[in-house]
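**Student:** Mind looking over this structure? Questions follow.
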Amino acid sequence: MLRRIESVLWCIYSITEHNALTCIMNIVVFYGSQTGTGEEFANRLSKDAQRYGMKGMAADPEEYDMCELSRLAEIDNSLAIFCMATYGEGDPTDNAQDFYDWLQESDGELNGVNYTVFALGNKTYEHYNAMGVYVDKRLEELGAKRVFDLGMGDDDGNLEEDFVTWREQFWPAMCEHFGVEASGEDSSIRQYELKEHNDINMNKVYTGEFGCLKSFETQKPPFDAKNPFLAPVIVNRKLNKAGNRHLMHLEVDITGSKIRYESGDHVAVYPTNDTAIVNKLGQILGVDLDTVISLNNLDEESNKKHPFPCPTTYRTALTHYLDIIHPPRTNVLYELAQYATDPKDQENMRKMASSAPEGKALYQSFVLEDNRNILAILEDLPSLRPPIDHLCELMPRLQARYYSIASSSKVHPNSIHICAVLVEYTTKTGRLTKGVATTWLKNKLVADNGHKSTVPMYIRKSQFRLPFKASNPVIMVGPGTGIAPFMGFIQERGWLKEQGKEVGETVLYFGCRHKNEDYLYQEDLEEAEKTGVITKLNVAFSRDQEQKVYVQHLLRTNKEDLWRQIHTDNAHIYICGDARNMARDVQTAFYEIAEELGGMTRTQATDYIKKLMTKGRYSQDVWS
């Protein structure tokens, strides 16, 4: 059930009644978040408000009736902040989809509503910060008043630095705009208080569930982000024949779950942290990880009662709920600095949280470039030993990981296939860092000591779809694990042929390092070409010869066929894989083909490809 904006207003009214003679600013921070960063920034801004003698709260737009946004104008000195991430090809995040739809359809008046927007995106993507830019523009069109400039965060650069810089300019401007004086409060402000449960029925303790207690024991559809399905692993095999990397193919069983998916969709999985790292954290902080605790919000009016499901144990929180592997953001360092007994450590931690050039450089080198997670920081700063409950309060939530589904439900209605590469590397400090999700997936054996391994999962629908008319040609470009969705596409095109449908040309451009090492699904692809499901299989082996060959080179080699398929036969183009280099280079290759064979200028070629995107004939499923 949607909360009414009235619940936000009631919270604000209750504050102003007790401070009738005080000028208080009231802030609601709405967030659109897919990976948790937007929500994290919203929480930081709402917590910041307390330092300025204001009242703030973070709010998920999915949980509120945004039609009542105009009612914020009834409150003096109120402000709506929107931390809006962009997902996929310029799309809103799942939790901001309804808000986006409302903005598009609304003709309501937002006169008197003060707002500002911080956008989260990645410059390597075609539609950089599209959602944040749209929200900023649309709110103004509806009559709301922009009180501070749109902030643009770039995850391809340094998103944290972008946010800190914007935030440090934002707060003084707000104080001046609304005539509020900063309180000068610079010490840590706790949002939650610790309660230890010494005598509790363990049936009332969360053990990794995300929504209802015991939901993993009594699985009931529908399954979604708050109620994932525990899918048994039925296949887990290594894909590459040789080399020092580990590329894997997993299959999970969804029989009886009523889960439906289509080729091109994503499967979201909830990983857990490495047990060894969790144990080391407990050891270094000197705590019993099996202590049952609750962290309760000190603000009783807040709709967020706990930072993660409570009551639970420290072990469960650190294993299932908290992100302890990513380098901590600057606000975490700032909050923890007070616990460092060495004044130099304390000074450096606070310096890293500032927007001063020296502080930015120190954070960049010590935390980001050296890739120090919270355990590494505790190991390298022996004077820093914070209370574990404060650490748990500050750590962001461990997020679901999304994988392009490598199967078609027409062929595999009761299973979902995943293709992934193990992330593993040594940092500058000599520490071996392992990807949370891929390490966890690698260790998901089909049968582990007689027990079935399971993966908590749900489906995220995608716009990455085969053409409605099977007779349209498809051109698929997917090097490495970018092959994943195309395995589903190929299976589906084969199934359509078996049904007697007219199926257009199916062309694949795949790339890998060595033919005898990491040619993924080689037998399946060659069999599909042999049976005519794949019309033409083009494979670029980048390191089998002196001069590297990539998929974009093969596109140029086959330019005449490609131009005919695109310009004459209405082919649909699909790109999957790396956004930073591959997707950009592939797009440039298509520009060049349009220039040469279409007689276009670069501007015309760019417009031509953009029109294909608008028509849904040039789709990308990319990551950076």
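Note that Cβ sites are derived from N, Cα and C of the backbone, with glycine treated the same way.
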**Student:** Where TrEMBL shows ARG401, TYR402, TYR403, SER404, CYS419, ALA420, VAL421, TYR425, GLY435, VAL436, ALA437, THR438 binding FAD, which of TRP166, TRP171, TRP623 is named for the same site?
**Tutor:** TRP623
**Student:** Taking the Cβ of ALA85 (FMN binding site) as the reference point, list residues of the same chain whose Cβ is under 8 angstroms away and which are at least six residues distant in sequence.
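**Tutor:** Listed in sequence order, they are TYR31, GLY32, SER33, GLN34, THR35, THR37, GLY38, THR93, ALA96, ALA119, LEU120, GLY121, MET131, GLY132.
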**Student:** If you draw a 10 Å sphere around the Cβ of TYR550 (NADP(+) binding site), how many other Cβ atoms fall inside it, taking every protein chain shown into account?
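**Tutor:** The answer is 18.
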**Student:** Does DSSP give GLY88 (FMN binding site) helix, strand or coil?
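**Tutor:** Looking at the DSSP assignment, GLY88 (FMN binding site) belongs to neither helix nor strand, so coil.
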**Student:** Determine the minimum-neighbour residue: among CYS419, VAL421, ALA437, listed as binding-site residues, which Cβ has the fewest other Cβ atoms within 10 angstroms?
**Tutor:** VAL421
**Student:** What does the structure give for the C-alpha distance between ARG401 (FAD binding site) and GLN552 (NADP(+) binding site)? Integer Å is fine.
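**Tutor:** About 28 Å separate the Cα atoms of these two residues.
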**Student:** Closest of the binding-site residues to ALA437 (FAD binding site), Cα to Cα, picking from GLY88, TYR125, ARG245, SER542, LYS548?
**Tutor:** ARG245
